[in-house]
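Beneath this line is the structure, given in structure tokens, with notes to follow.
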Amino acid sequence: MSALPEEVNRTLLQIVQAFASPDNQIRSVAEKALSEEWITENNIEYLLTFLAEQAAFSQDTTVAALSAVLFRKLALKAPPSSKLMIMSKNITHIRKEVLAQIRSSLLKGFLSERADSIRHKLSDAIAECVQDDLPAWPELLQALIESLKSGNPNFRESSFRILTTVPYLITAVDINSILPIFQSGFTDASDNVKIAAVTAFVGYFKQLPKSEWSKLGILLPSLLNSLPRFLDDGKDDALASVFESLIELVELAPKLFKDMFDQIIQFTDMVIKNKDLEPPARTTALELLTVFSENAPQMCKSNQNYGQTLVMVTLIMMTEVSIDDDDAAEWIESDDTDDEEEVTYDHARQALDRVALKLGGEYLAAPLFQYLQQMITSTEWRERFAAMMALSSAAEGCADVLIGEIPKILDMVIPLINDPHPRVQYGCCNVLGQISTDFSPFIQRTAHDRILPALISKLTSECTSRVQTHAAAALVNFSEFASKDILEPYLDSLLTNLLVLLQSNKLYVQEQALTTIAFIAEAAKNKFIKYYDTLMPLLLNVLKVNNKDNSVLKGKCMECATLIGFAVGKEKFHEHSQELISILVALQNSDIDEDDALRSYLEQSWSRICRILGDDFVPLLPIVIPPLLITAKATQDVGLIEEEEAANFQQYPDWDVVQVQGKHIAIHTSVLDDKVSAMELLQSYATLLRGQFAVYVKEVMEEIALPSLDFYLHDGVRAAGATLIPILLSCLLAATGTQNEELVLLWHKASSKLIGGLMSEPMPEITQVYHNSLVNGIKVMGDNCLSEDQLAAFTKGVSANLTDTYERMQDRHGDGDEYNENIDEEEDFTDEDLLDEINKSIAAVLKTTNGHYLKNLENIWPMINTFLLDNEPILVIFALVVIGDLIQYGGEQTASMKNAFIPKVTECLISPDARIRQAASYIIGVCAQYAPSTYADVCIPTLDTLVQIVDFPGSKLEENRSSTENASAAIAKILYAYNSNIPNVDTYTANWFKTLPTITDKEAASFNYQFLSQLIENNSPIVCAQSNISAVVDSVIQALNERSLTEREGQTVISSVKKLLGFLPSSDAMAIFNRYPADIMEKVHKWFA
């Protein structure tokens, strides 16, 4: 019996039935009625109750199915009155008694005899009524446990389906009671139940704490034992589904499979080699093998079979190209230069690339080359082709080994450039392009005479268009890292052949030729002037043709013309600049569609022209900037979608789908990507034009940069917005020359927003950008530009960032983990970068508050001290840098904090880690330089330790040089500050003098050569002794030549050295200089003239 009035039931039934009508008009009326009359604050409870009853009890399967789907959709939908579309749900806002009624109906329907498809939909609806933010529902768990014992497999499958969505239903139950449930599911006679059980098991596994994982390990053999039966029975889909679940488990706990790893390798090998299976089964088997390398690389390296198997199966899959097309006729005629339709081949390439990146050449190169040597001599062209593509895929990951074998690799590859089969030629071009990137710039310097002629030979009309295009693309890779001097001898041949490609009747060939010419021009720089007069008129002629069908070609022409202009310089470009600008203005004013590729090319071309013309570009800003402002003001285009729609949306590159609070949210990412591009271009114009851009600053800041920090669904938008802020401020300052009221107001809004972001930003990479923007903004605004409230908020933000970083690093670097390996090098890198930016932001605040910030810093001192006492070098270095900054900018005011860090700092002077020694030495130096009274009792006693640092046998090695030079500068600072108070000062001075030259650390060099100059001026016998003058001169010349000391900074010491040389006979002075080669002597004449 219904809980609703008959009239409500009758009205809503008519609406739901109308939803099933084939008549669009009837459906539209029903949708409107439901939306306007029932999805309201007053009626949503009636509607959800009705839909639950119909899903559970209606004998009309169409009405029941529609009701279940609508119920789930509306349960997830945010209430009409809610402003939190993504977080709020109707199901959590209805009254408890209504929720209880709905739950009762759905559960009764689930347990009754219903069609299998209806029960599936009911299980999805039930799952939405048991989310963790709803009251407990103990009856459900008992019902599911009973259903899992049912003789009807659909009951069992649907029960596991619910547990998949809400695994926490059983996490509170004793694990020993749960194990038999999954054991039974894994051995179920029904394939669908097995799959549902495995999927539910993964969800349950994710919910459990690590301490319980070992208890689940006993189930894994049963899970894996289900796989051979699927294979034997030809159940490809089931096999793929279980592999997908296993992949999730491997990503969580790879070492849980350690004892079964050999069996997994053998079974996946069998599946991948079985070409009778559908591609999804084979590719998911390969993915399972691949994720082991990404999550347990050491386990893979220690297994003899893993590398051999992985290499063998990927090579086999890479031969699966041009099936039933031995001459590759279809491939040759295809205009689509991607090979993604060759699914197994594409998966294999990606897999080998990923595994190589994780395991490296020491492990993978040997098994790979064992097969490659055989394959390149095979009579089967597919094997020769696969060998080339495999080498391309593995090159980056194996670079540690292969970069030393370039001649041998080229001996193997280059003969195949003239292979009879075009796909092998293509593969050869691919290798040459790939290694030109992966082994750059070394390979450009050492092998240009082999690579460039080989690629140029494939640009000729004797080759197929696909090969010509790929050779041209490989030349882009080579040019990107080649100097103009390397390219110059080949330019005639390159340009002659590329101009021929421009005459091709195939659009994609023309487009690639233009891209290659553009990159070569960019690399060749002024060497390209010779070809300017031939190429620029050709490009302009293409741009003048009014044809909307070749917008990409026009875009490539713009790109090419502007890159050539940039290469040859403003003066030469002037000959055609006005003509090109007129064409671009006409295109800008034409009706270009939103999704036309020409729009992006046009925007980038204007940016390059601005780089060429500088301030002469300003008159064009009213034409160029308004469209960018429109794109940059785009809002977040998001929408709630059904789970069934998610796969469709994910097929489109313009959209992304994320899951938040059980909801599927579609994000129109292409709009946001365009927004980022527009913001980056605005940043480019602002950087180039400074004060000339000031007219746009207020609008860009208030309508683009600051609102972008709230774009929580696109990291790039937030990063671009934060980066824009200090650049906009500098434009306004450049225009006015003073800090006017508008500038101060904008800074206050921007800095408050950035500081607030330090607390709320979830991504460490973006937090890093916020700190960087604060530092750059403070540089623009100067002293005391943050209020007391902002300083307090900044301190809280830094504290939160440090706490989060520390916890992340503890999680990754904790004690041995029996389930995972510590492999998060990328995350370490991110955290190191973040800590570096926090160091800079703390320093900026300390510097501009004249020590006033010290009292705020005391609030985060406990966290800094935790870092200081940790064993992780990154954390210790962060703390040491903070200490150095607080002494530099706080000076004698730091006396009260002295005892909190000095014992650890002096201990760090003898650390085995050179980076820590460097930071500690720097601190001792700033103690003497900025707070000599407070730290005299620290600095003088450390002199002997500092001398040991600069004097030990490996002190001048590359890895130790920075720490040595900082210790050297610290000695100089102590000698300068405490000269008369130091016993044996001349001995220490002599020891210091032996540390010169200082050629790596610019800050250390600056002080060391100031001190050297002072010693000379004071006629110190240590440096002024005739026997030492040659060493003095040499140390100064080396510092200037290595640019650790700029010519401007070096004027004082150069002047002192000249004075010192004046004491020598001119012949002796010239003898000192004459030992230098001609290139250095040319500089010496300039420095010492």
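Just so it is clear, glycine is given a Cβ too, placed from its N, Cα and C backbone atoms.
Taken from Swiss-Prot, the feature N-acetylserine covers Ser2, and the record attributes it to a large-scale study or a structure entry. For 6-39, the entry in Swiss-Prot reads repeat 'HEAT 1', with the evidence type experimental evidence. Annotation source Swiss-Prot lists repeat 'HEAT 2' at 44-78. Taken from Swiss-Prot, the feature repeat 'HEAT 3' applies to 96-129. Residues or ranges marked as repeat 'HEAT 4' by Swiss-Prot: 138-165. The repeat 'HEAT 5' annotation in Swiss-Prot covers 175-207. The repeat 'HEAT 7' annotation in Swiss-Prot covers 260-295, and the record cites experimental evidence as its basis. Swiss-Prot lists 361-395 with the feature repeat 'HEAT 9', giving experimental evidence as the kind of evidence. Swiss-Prot lists 399-439 with the feature repeat 'HEAT 10'. Taken from Swiss-Prot, the feature repeat 'HEAT 14' applies to 571-613. Sequence annotations record features per position, and here Swiss-Prot assigns repeat 'HEAT 17' to 742-781 based on experimental evidence. Annotation source Swiss-Prot lists repeat 'HEAT 18' at 788-849. Annotation source Swiss-Prot lists phosphothreonine at Thr830. The repeat 'HEAT 23' annotation in Swiss-Prot covers 1028-1063 and is backed by experimental evidence.
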>> Please report, as numbers and ranges, the same-chain residues at least 6 past the borders of the repeat 'HEAT 3' (96-129) whose CB is under 8 Å from any CB of it.
In response: 3, 45, 48-49, 52-53, 55-57, 61, 64-65, 68-69, 71-72, 75-76, 135, 137, 139-140, 143, 147, 154-155, 157-159, 161-162, 165-166, 662
>> Within 10 Å of its Cβ, which one of these modified residues (Ser2, Thr830) has the largest number of other Cβ atoms?
In response: Thr830
>> I need the CA-to-CA distance for Ser2 (N-acetylserine) versus Thr830 (phosphothreonine), whole Å please.
In response: 58
>> Can you give me the average pLDDT across the repeat 'HEAT 3' (96-129), rounded to a whole number?
In response: 94
> Any residues 6+ beyond the ends of the repeat 'HEAT 5' (175-207) with a Cβ under 8 Å from its own?
Replying inline: 145, 148, 153, 156-158, 160-161, 163-165, 167-168, 213, 215-216, 218-219, 222-223, 225-226, 230, 235, 238, 241-242, 245-246, 248-249, 252-253
> Do you know the DSSP helix, strand and coil residue counts for the repeat 'HEAT 2' (44-78)?
Replying inline: 30 helix, 0 strand, 5 coil
>> Please count the residues of the repeat 'HEAT 5' (175-207) that DSSP assigns to helix (H, G, I), strand (E, B) and coil.
In response: 29 helix, 0 strand, 4 coil
> Reported in the order helix, strand, coil, what are the DSSP residue counts of the repeat 'HEAT 23' (1028-1063)?
Replying inline: 25 helix, 0 strand, 11 coil
> Near the repeat 'HEAT 17' (742-781), which residues from the same chain, at least 6 beyond its ends, have a CB less than 8 A from one of its CBs?
Replying inline: 697-698, 701-702, 705-706, 709, 715, 718-719, 722-723, 725-730, 732-733, 736, 787, 790, 793-794, 796-798, 800-801, 804-805, 808, 830-831, 833-834, 837-838, 840-841, 844-845, 848
